[in-house]
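Remarks on the structure that follows.
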Amino acid sequence: MATTSTTGSTLLQPLSNAVQLPIDQVNFVVCQLFALLAAIWFRTYLHSSKTSSFIRHIVATLLGLYLAFFCFGWYALHFLVQSGISYCIMIIIGVESMHKYCFVFALGYLTVCQITRVYIFDYGQYSADFSGPMMIITQKITSLAYEIHDGMFRKDEELTPSQRGLAVRRMPSPLEYVSYTCNFMGILAGPLCSYKDYIIFIEGKPYHMTQSGANGKEEVHYERTEPSPNTAVIQKLLVCGLSLLLHLTVSNTLPVEYNIDEHFQATASWPTKVTYLYVSLLAARPKYYFAWTLADAINNAAGFGFRGYDRNGAARWDLISNLRIQQIEMSTSFKMFLDNWNIQTALWLKRVCYERASFSPTIQTFFLSAIWHGVYPGYYLTFLTGVLMTLAARTMRKNFRHHFMEPSQLKLFYDVITWVVTQIAISYTVVPFVLLSIKPSFMFYSSWYYCLHICGILVLLLLPVKKIQRGENMLEKIQLSRSKKFDERENSLGQNSFSTTNNICNQDQDIASRHSSLKQ
């Protein structure tokens, strides 16, 4: 029998016993499936063409709060407390400084809740706890605070094009604000979306397709009707089903903890250790694929997440997608993996930290990511190692990649080697993230003799820090820009903020791609 305590409803305890899963996890999955059905109903009967934005805000908020209280009981009040106090800060402090106060309060409140959950209630238990939704709400609060500050205080010429596209020009009403932070589509698992995109969805503003003019500079905008999300939703639900099946069958047979088993460490050969490390971390990913893809499907089913049309006129429903599985599994660089994993969180880190840091933006961004994720020591080990791996991988890429671009056979050899190294480095880096505690994490690294840490340090000490040449960037762009080809274009109405945040410039696609490569 699957017995566990829960702060939420125990109505589904018989189902929990039947499937041998903790009640809080069963509550989470059932509520997400209910949210999927509610999303279909929301789009069908409360479409923006049939009812007012006021009604849509009310219904989305009430459904979201119901799901929160069903899953977490009175702990869901934390969502309202955090959101409510943050809104008061926005009103009282004013647009000049409120982004800083909101950031400190929201992140601090989240951290206090994580500390009490981890060290008072259930240390080491991965469950559907209330701090998970609070992580998403914290992202929304801080993102909105910076967007309001950019739109109502800073001058346009001080903003980057991406900040200008996301800027909010008026203070949201209390209903708009709570609807944005607590709507039923994203209350349990996100993903993060920009405030402007959410309001465009609620108010039902028209979608536009952007197409380059004949001279390559002018752009022609013409209105298109909203497409059906059914195909995208079905495809994502199929991915969810496969991911859930893999998680329930394969993941339990390949535990990450076996990497630190004393017998395994004493008897396994190095090829076996490397292979099991990769396979065990590969088996740990389907649960994230399931949760994030289902959350994306829920938003799409409600009509949210339409990104526009590509140049061939095909609809894209990946405006708020949180991952690209194929690119993750085929990553040939540390950066390529991070660009396609937990995408919306990476964009949040970029918006509120990396772009605004006055020094060491990479280190500051990894540190913020560690704080946001929680207070387990393993998180900090992972992100400290991640800083080293990111800097070392960047240095290696700048020094050697341009030597392997021609001929194609040499390029293929380079891609195979970098894929192997990247997958091993990623797996090595995230083991503490899964193990959580400090002792088993150091047991793992010591069993590997800290070899990748040492290699990373030697790379940074011995190899020169080279500036990327334009020619090298263009070759690198050919590989990396395919997965982000349409991410690097901003919609003229500010609707397409997913691609906006992947840009540093807001010009035509070729210039954007070239600039993106320069950032690497």
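Counting starts with 1 at the first residue shown.
Just so you know, glycine gets a Cβ as well, placed from its N, Cα and C.
Copied over from TrEMBL:
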| type | residues | note |
| --- | --- | --- |
| TRANSMEM | 26-46 | transmembrane segment |
| TRANSMEM | 58-81 | transmembrane segment |
| TRANSMEM | 366-391 | transmembrane segment |
| TRANSMEM | 412-435 | transmembrane segment |
| TRANSMEM | 447-465 | transmembrane segment |
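Using the rule of three or more Cβ pairs under 8 Å, pairs at least 6 apart in sequence, the transmembrane segment (447-465) is not in contact with the transmembrane segment (26-46). The transmembrane segment (26-46) shares the most Cβ pairs under 8 Å with 58-81, out of the stretches 58-81, 366-391, 412-435. Beyond the transmembrane segment (366-391), the same-chain residues lying 6 or more positions past its ends with a Cβ under 8 Å from any Cβ of the stretch are 107, 110-111, 114-115, 118-119, 131, 135, 138-139, 334-335, 338, 345, 349, 352-353, 425, 428-438, 441, 452-453, 456-457, 460.
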